[in-house]
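**Q** First the structure, which I've put down as structure tokens, then a few questions once you've had a look.
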């Protein structure tokens with residue numbers, strides 16, 4: 001009878017003496033070492049991206065890229081890399097980072113030839129796929145196009161005009177609450193109040209149910225969970241870089257490395273959003289001009305989106321439209337308060353334009369050019385989306401900012417590095433709104449290098465809503481109040497964390513900013 005392979009192996013091993021086993025182990029170790037060295041040498045010298053500059057460790061490993069995401073330092077780390085290596089940097093074995101203004105359109109824009117770039121699978125947003133379906137953020141190109149077309153009506157100018165009353169009601173409440181605090185003559189944490197406002201506003205726009213933050217003057221469990229969802233997503237993305245997507249290793253590392261409370265953040269956010277979305281859908285005849293009202297009233301939107309997709313998109317809109325806007329408004333406040341000449345010109349424009357608060361509307365706030373310039377400059381220096389948004393180059397390759405990049409390469413623009421580069425802006429670290437008003441000193445500025453809402457088919461669908469929200473809140477605040485930063489004591493030290501030339505350099509990013517508190521004093525403008 002023929003011996004099995006197992007029997008032969010056992011007999012062969014029995015014939016080996018200890019010396020032979022030692023030799024075998026040495027041989028295996030040498031072969032593994034040679035293979036690793038060969039792989040390292042190939043990645044450094046022979047890989048299709050070998051011509052692009054970058055640190056040697058980044059060229060051979062995903063570990064540096066993973067680590068800076070997990071620790072919230074990707075934006076500052078990539079800025080240093082671009083300052084050292086130039087406008088294109090190899091930040092991982094198969095990944096390039098760009099800062100040129102043309103790279104935005106080349107990567108994120110509509111492609112003239114071939115398919116648009118797909119979003120990288122390592123990206124994870126505020127909500128994971130459900131029952132095989134995804135929201136607009138994570139959807140592949142074809143499904144994304146269908147969902148975006150269906151949701152476009154929700155964010156049209158016609159819809160925004162109808163939603164104005166909802167947004168104004170929450171700004172009314174913010175102003176009223178701030179007037180109450182003035183009587184107490186104590187510092188106010190503007191960072192929190194902006195968060196309360198954006199959460200209540202988006203809750204009302206998504207589900208016809210505000211979070212209740214403004215009423216109670218504090219964050220709810222749900223609003224806190226939404227803020228932390230970004231951190232959980234960044235940690236998962238960090239793991240995906242080294243462990244792959246949907247692999248056993250990724251699942252194991254998520255279980256071992258991400259705290260259980262982080263999973264609970266996502267759970268609370270999803271469950272609450274799902275419950276409120278279903279309740280709003282069941283009340284379909286309600287004449288409340290929120291997002292779901294417009295979805296149900298528009299035949300194409302209603303027929304194009306499944307119930308699950310509506311739920312997933314409401315989860316996304318709550319997370320994408322709250323803390324991001326609150327962060328920008330807080331940064332904007334810091335910038336105008338630390339630039340007296342900007343503050344005076346801005347308050348003169350707003351207070352000289354309106355005779356009463358009722359005059360501050362969707363139509364009138366569009367006619368405040370200096371306000372728009374200050375917001376654009378704040379969006380440049382303190383973009384709510386400072387992290388790289390990776391895309392995959394289609395098969396066949398593509399030219400990005402003048403460089404041919406092979407297919408299946410991961411690419412992205414580094415937003416924070418781009419806006420801080422002297423290749424794109426004169427005095428890039430300085431807050432100068434005039435650069436957005438045609439000031440000849442900045443004629444060579446590449447304003448397109450600042451894309452806080454991204455661009456192209458996956459650009460922020462809520463850009464117009466966001467701008468109206470920001471203009472409305474800022475106009476109402478400066479029409480009613482004089483704002484000044486607290487500069488002494490513990491609160492003064494906290495405010496220094498916003499200095500982008502100082503401690504602010506160490507502010508962390510988990511997809512969006514992990515913003516610190518900001519303490520201000522308010523005085524009501526006498527009239």
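Note that Cβ sites are derived from N, Cα and C of the backbone, with glycine treated the same way.
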**Q** Would you please say which range out of 5-25, 26-46 has the annotation transmembrane segment in Swiss-Prot?
**A** 26-46
**Q** Counting Cβ atoms within 10 Å across all protein chains shown, which of the glycosylation sites 189, 420, 448, 464 comes out on top?
**A** 420
**Q** Select the closest residue to residue 448 (N-linked glycosylation site) from the following recorded positions, measuring between CA atoms: 189, 420, 460, 464.
**A** 420
**Q** List the Cα distance (Å, whole number) between residue 420 (N-linked glycosylation site) and residue 460 (heme binding site).
**A** 22
**Q** Would you mind reading off the Cα separation of residue 460 (heme binding site) from residue 189 (N-linked glycosylation site), to the nearest angstrom?
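**A** Cα to Cα, residue 460 (heme binding site) and residue 189 (N-linked glycosylation site) are separated by 29 Å.
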